[in-house]
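K.L.:
Have a look at this one.
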Amino acid sequence: MCRTLLGVAFLVVTVLSQGEKDLIQNLPGLLFKANFKSYSGYVDANANGTWKMHYMLTESRSNPDTDPLLVWFNGGPGCSSLGGLFEELGPFYVNFDGQTLYENPYAWNAKANVLYLESPIGVGYSYDTTTPGYFQANDDQSAAQNYQALTNFFNVAQPKYTNRTFYLSGESYAGIYIPMLTDLIVQGINNPNQPFPNKNFQGSAIGNGFMNVAGLLNALTLWSAYHGRVSEQNWADIKANCSKGADVDSFDFSQFTTSQNKIDYVGDGSYCGNLIQPLISQNALGNEGFDQYNFYQECYDKSVFQAPPPAGGKRHKRSAMQGVSSVQKNLQYQQLGNFQGTSNLAKNTATLVNRFSNDNQFGYFCWNEDAVSKYLNSDNVQNALNIPQAWKDQKNTWEDCRMSIYNNYTLKYNTTNRFFNNIITNLTTDFRFLIYNGDVDTVCNYLGDAKHILQVAKDNGLTSGPRTPWYYSNNQQLAGYVQTYSGKNKNNAMITIDLLTVKGAGHMVPYDRAGPSVQMISNFVWAPKNVVINYTSQDNFNPNIQLSDLVDSGSSSTVAFFISMFAVLLNIVF
């Protein structure tokens with residue numbers, strides 16, 4: 001008996017040390033005192049352990065020992081989930097010096113432990129130990145890697161979460177990752193021979209999801225037509241000669257398109273293909289003067305920020321106007337940094353005007369990729385994040401989005417209907433989906449996702465509720481609209497799908513509408529089972545954010561800038 005107990009005690013200590021070894025002891029450049037722990041390490045994404053998937057975990061600011069786990073995936077395919085952490089929903093935003101971190105007061109770890117997985121292998125810090133520069137990926141392989149990685153996370157990396165309620169979440173191409181992974185997890189939970197280690201799987205959230213290729217193309221044609229991107233004459237021509245009098249709301253415009261990778265589509269050169277090309281264009285080359293990820297947001301000038309060029313990756317995300325002189329740069333930098341407290345702000349409110357973009361966060365989205373790339377490619381940061389020498393020996397660099405994966409990726413499923421249908425059919429316990437969309441995104445538009453979910457609901461006999469507004473609690477301003485589909489399957493499990501829009505947000509909802517986004521996700525993960533979620537509720541989110549204390553700093557200008565950024569962030573309504 002004593003020998004058995006000793007063995008159990010040794011095993012517990014071993015497991016705990018396995019999880020705690022990934023604790024980040026000192027995150028370089030952190031300008032505020034974090035009241036939560038962060039972890040960075042690796043999980044095995046295949047059975048023999050040669051595929052190493054990097055993860056970061058930011059524990060909840062509230063009750064990390066009991067709060068649910070929220071798993072986050074960025075899309076691409078080929079984009080790092082650390083982009084989501086440092087550019088959207090995480091607690092750390094990178095200053096334009098690429099060296100320091102200021103606080104995002106609207107981070108999603110307000111009442112959840114958030115796990116970021118860099119998927120698939122080859123993205124970010126994830127790597128193949130046997131094949132340097134391994135950048136081959138496809139939908140089935142990504143799903144298998146994600147399933148194995150999450151299994152390893154619960155069993156080995158952080159076993160304290162094995163019995164915790166958990167949810168999946170992500171955006172963009174995660175609209176394919178998440179339904180496929182959800183399907184695999186449900187199958188695993190139902191498999192008595194090789195069960196998934198955590199059975200407390202309660203929901204999945206997809207933001208601006210790439211879930212139905214043709215549906216998104218057809219809906220973008222309509223969205224663009226009604227957002228002034230075509231003349232009345234050309235639209236009449238399209239209806240007369242392309243849809244030929246058929247209902248344009250249900251017409252398949254995608255038949256006039258072509259693609260080399262089944263992800264990016266252009267007009268096929270036919271008469272109708274040429275007519276719809278201006279409507280389906282998403283400014284992929286960055287030469288059309290608008291941001292495809294947020295139709296109404298601009299970067300007027302990102303050259304004022306002294307960040308290096310990005311390490312590589314993404315198709316043009318943000319375009320900016322012609323650069324300015326070094327004298328102008330210095331002047332504008334001083335106007336940003338030399339607030340020195342609220343007294344000077346009161347003297348000259350004009351210093352608050354942001355001339356770099358049309359947002360109120362100092363154009364963060366215009367330059368954050370460059371700053372984040374610089375930060376995550378520094379040796380001291382990589383050491384703090386427990387990045388192994390084996391990854392460095394492969395001459396890797398961290399990239400926000402790795403184009404070598406994007407260009408080699410094989411899309412196998414151009415619609416996710418089958419996965420939603422499998423999930424809904426096979427669930428044995430209550431489950432909920434949140435399908436949310438910023439309503440001014442052209443890459444994965446809200447209308448295409450709404451039509452897709454309507455079809456899923458019809459296929460599975462779900463009942464439609466009314467479409468109602470939801471409000472941001474801080475000032476009761478309209479935050480968007482929500483509609484719920486619900487019903488029970490053959491196993492008597494209640495399934496709900498909340499179809500929600502976020503007013504004025506684009507592709508990156510957690511950045512574009514920070515306050516409403518964290519209110520939305522907190523209500524989703526904390527709402528009781530079998531209820532219609534009230535996304536306006538303050539029960540799970542306090543909009544009166546209390547900022548963390550600052551760490552001591554020898555640089556008064558850095559602290560001044562940090563304070564000014566806080567002042568701006570706290571005045572965000574949307």
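Cβ coordinates come from backbone N, Cα and C, glycine included.
Annotations for this protein, taken from Swiss-Prot, read as follows:
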SIGNAL    1-19  signal peptide
CARBOHYD  Asn48  N-linked glycosylation site
CARBOHYD  Asn163  N-linked glycosylation site
ACT_SITE  Ser172  active site
CARBOHYD  Asn241  N-linked glycosylation site
CARBOHYD  Asn408  N-linked glycosylation site
CARBOHYD  Asn414  N-linked glycosylation site
CARBOHYD  Asn426  N-linked glycosylation site
ACT_SITE  Asp441  active site
ACT_SITE  His507  active site
CARBOHYD  Asn534  N-linked glycosylation site
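Give me the local environment of each listed feature.
P.N.:
Asn48 (N-linked glycosylation site) falls outside any helix or strand according to DSSP and counts as coil. The number of other Cβ atoms within 10 Å of the Cβ belonging to Asn48 (N-linked glycosylation site), over all protein chains shown, comes to 8.
Residues within less than 8 Å, Cβ to Cβ, of Asn163 (N-linked glycosylation site) and separated from it by at least 6 positions along the same chain comprise Asn198, Asn200.
Within the same chain, residues at least six positions away from Ser172 (active site) with a Cβ under 8 Å of its Cβ are Asn74, Gly75, Gly76, Cys79, Gly207, Asn208, Gly209, Phe210, Val443, Cys444, His507.
Around the Cβ of Asn241 (N-linked glycosylation site), the number of neighbouring Cβ atoms within 10 Å comes to 12.
Note: Asn408 (N-linked glycosylation site) has non-local neighbours Phe135, Gln136, Ala137, i.e. same-chain residues 6+ apart with C-beta under 8 A of its own C-beta.
A simple way to gauge crowding: the CB of Asn414 (N-linked glycosylation site) has 17 other CB atoms within 10 angstroms, across all the protein chains here.
Look at Asn426 (N-linked glycosylation site): DSSP puts it in a helix. Sequence-distant neighbours of Asn426 (N-linked glycosylation site) (same chain, 6+ residues apart, CB-CB distance under 8 A): Asp183, Val186, Gln187, Asn190, Asn491.
The Cβ of Asp441 (active site) lies under 8 Å from the Cβ of Asn208, Gln292, Tyr293, Asn294, Phe295, Ala505, Gly506, His507, each of which sits 6+ residues away along the same chain.
Residue environment of His507 (active site) contains 25 other Cβ atoms, counted within 10 Å of its Cβ in all protein chains.
The 10 Å shell around the Cβ of Asn534 (N-linked glycosylation site) contains 14 further Cβ atoms across the protein chains shown. DSSP assigns Asn534 (N-linked glycosylation site) to coil, not to a helix or a strand.
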K.L.:
Using the alpha carbons only, what distance in Å do you get between Asn414 (N-linked glycosylation site) and Asn534 (N-linked glycosylation site) once rounded?
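P.N.:
Cα-Cα, rounded: 33 Å.
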K.L.:
Measuring Cα to Cα, how many Å separate Asn48 (N-linked glycosylation site) from Asn534 (N-linked glycosylation site)?
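P.N.:
Cα-Cα, rounded: 45 Å.
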K.L.:
For Asn534 (N-linked glycosylation site) and Asn241 (N-linked glycosylation site), what Cα-Cα distance in Å is obtained after rounding to a whole number?
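P.N.:
That separation, Cα to Cα, works out to 45 Å.
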K.L.:
Is Asn408 (N-linked glycosylation site) helix, strand or coil when read with DSSP?
P.N.:
helix
